[in-house]
Structure formats: C-alpha cells, structure tokens
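K.L.:
This is the structure I have questions about; it appears just below.
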C-alpha cells in the first residue's frame, strides 16, 4: 500500500500576496469550491488577524467547505491564535497553523530574542492553539537557513507541545534539492518524537527549485506538501501543486506515494485561478501551459502519429483538457449549452443555467460561433456579477478617427438613466471621462490590461484594471467582444465596489453615532 501525501493549498493566503489587489470574498469562495472539488486535503483560507476582509473570507469558506479541512494562519501570538479560532469555529473540521522564525538572521535581527525565548514562544503558541483544536500545524519560518541543531530542538519542542504537523519551509527559496532533502532526513534521524507528527514542506521558487525541493523532501519522508495553483505567490512564487500532483501520479512506480487529487480537475482549477487572479499562465509552463501538450517537431509528430507514448508521458485528458474545442451557435438551445457544460466537466451547482444561457445568446448573436472557452469565460463572470450593481452600462456608441475619439453612453444610476458624451485621446479615454462625470467618481488607475479569451478575431476581450481610491486598491474586470465595452465594464466593476464600500462606511458611521 502506498503512503499518502497530504496536499495543502495556500493559494488563498500565500498565493494572494502576489496580487495587486485582494480577491473579494465571493472570488475566494469560488476558488475554495474548486480546490475542494480538486481533492485538496487542506485549504489555507487566509490570515484572519491581518484584516476584517481576511477574517470574513476565512469564516465564509469555513462555513461552506465540507470535504476539505479549512486552515487559518496565525503568528505565535495569543491574539492571532484566538482570532484564527474565532474565524474557523463554524467549520466542520479545521486546522490552526501558527509559525515563528527560526533562522539565525531572523531570530537575531527580526525577533531580537534568544533562541531559548523563541522556543518558549513556539511552545506557548502551539498549546494555545490546542485549546481550540487537535489539528495544529507549526511552521519553522526560514527553516532552510536554520542551523540543524536549532531546528531539531524547535521541532522536538513543538511536537511535545501538541503540534501534529511540523512544516519545514524554504521561505526564501535558498536551498538545493539534495540539501533540502538532507534537512528533512536529518530531522527523521535526530528528533526522538518525530513519529508523532507529519512532516510538511513549503518551498518557494526564488531559484526555481520549489518543486524539486518538495519532491526531494517527499523522498526523504515528508508526507505533506504545501503550495499553490499555478505556483502563484509573491516574488518568484510557490511550489506548483498541479506539478506535484502529476509528478506523483506519473512516477508513482518510483516514488511509492499517492495523493487524493482528482487529476481531471487540474486544468479547470488552474484556468479559474488564472482568470480570477488576472495572472496569465506562461505558455511553456509544465502541466497547464498552452504548449504543455503541443508537438511541433516533425520527428516528434511522426512518433506521436505512430504511438502517442513515444513522446507523451501523460495525456491532456488526464488533467481534464479536452482535445477538441466545442462550438455552438445562436440556434443552439438550453439543452445543448447544458450538454456542453457537462462535457466540460461542470455540474449544476457550478453555474446558473438561466443566466449562462441568456449571456450565451447575446454573445452568439454578436460572434456567430461560441466555443467551450467562451462558455467558461461567461460562467466565471456570471458567477462574480452582482445583481445589485448601482451603475450599469445600458448603451455605448463610439466614433473614432486618427486624432480624437467621441464616446456617447447611457448609464443606469440606480433608478435613473443618465446620458453623457465626451471627446478623448482614444475611445477608452473618452468612455472613462463619461463614466467619471456620471458617477461622480474619478479614480487613479495603477494598471490596465487587455487580454484575449479565445482564438481568432472573434475571441472575447477581457479588461483588467487595478484602481486606487482613497488609499485602497480595487480590482475590476470586464468581458465583451468589444474591448472598449470590456474596458467600461471593468471600470464600472471598480466603481460599484467603491460605491458599496462607501455605503457600508456610512452605515457603520451612523451606527457608531447612535
């Protein structure tokens, strides 16, 4: 019987740190559902003490996720641990993950404590977390640069205090595979109570070694791997969990381990995270890149025709990637759309068929054929759309020449429809001037991206913007066959978020004065 490797996903915590603007609670819950369906064992939903938004996200995910264990991060500080426990208490089963720095440079220059003091802080943190749950994970931050004698002392103390998972992070991505595997092996050889805990690893990719280091640790006895979908994370990112899962599946004969991952969900989960986080996947990325299963060499193509196994060690279908793009037209009925969604692997709870079909008909009237990737894009945006948006674009007309552009719009502002026209340096600039005038908001754009969703001239355009308003960053997205319209939707997405935030602030202020 093969050993089980626990998959611990931190896309919603460590991964989110790479984003210019935080995900909304709704977006995080959508990703959490996808991770649950993927078969992830533990979902680290956030760092509750860091902000009210993170607390709400963890609490919401803890309430709705049933088949994966929900985890929250905390420093080795009593208040952090108490807040983490409060956010998780609605969960059927949860984990508290507490950590403290252990490397010499961190202990001396960041914590400015003696190593004995740091060990006592770790013991106190683990014991406090155990008051709330038996499932406590303790991390030795910067373990990769921690002297092995100190690391062994810390691990032994944390296990004695009640930690059932000990995480060994390569926090700055410094170690080499043989070195990191050796650290894990020494822990098994030198820590007397090591059999009372699962050893976990959390590797960063600063030197491009995160996956290799994680696999070296598994070979040395680690039985939990932490990482993110698509390797998302600050700096160079984290260990890519889809790569870990497929390495273990493809080389299980050599490794002798397995995971609970449902591999056919990998492609869909990867695509969702990329879309919602606005983080494109490089074409040559292992497993989920657009070129991962392409063969352009004539010799390779000849071999593939004769026997796919000549150059293909895993199939596109094994990660849920369909070999053919499906297409529909405006004459296709609801049943056909549902059948295509079924073929793509989506279930009824993933989308609202009425909403999706209405959006599909509008798109089909515009572009003729609608492909599977179009349906997926429509589904993602429909799931994120708020029915109570105060500002909605009802009409858009653009006249553009070689010098200036003129844009006219009709904007629904609550119960009132307002009209505006403006001249600008291009149609998007003119459109944004109209929106600013009608809404009364003028915001600073930190980032503006346009990407194609689909193939050819009929592909959908996605606009993504990062905006700054009163010191807070907002992320907006828009999707349309017309990039000017998509740009307008993205700005209105941001402005509606700002409007809701202002409304909430006013309510809180009124309550505070009562």
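From the backbone N, Cα and C atoms, a Cβ is placed for every residue, glycine too.
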K.L.:
Based on Swiss-Prot, name the residue from 9, 14, 429 that is recorded for the same Mn(2+) site as 202, 204, 238.
P.N.:
14
K.L.:
For the Mn(2+) site (14, 202, 204, 238), what does the 8 A shell look like? I mean other same-chain residues with CB within 8 A of the CB centroid.
P.N.:
10, 169, 171, 203, 205, 210, 226, 227, 228, 233, 237, 239
K.L.:
On the DSSP side of things, how many residues of the region 'Regulatory domain' (392-514) fall into helix, strand and coil, could you say?
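P.N.:
Its residues fall into 44 helix, 56 strand, 23 coil.
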K.L.:
Hey, does DSSP put residue 204 (Mn(2+) binding site) in a helix, a strand, or just coil?
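P.N.:
For residue 204 (Mn(2+) binding site) - judged by DSSP and reduced to three states - the answer is strand.
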K.L.:
Most Cβ neighbours within 10 Å: which of the binding-site residues 204, 238 is it?
P.N.:
238
K.L.:
Let me check the 10 A CB neighbour count of residue 202 (Mn(2+) binding site). How many other CB atoms are there?
P.N.:
29
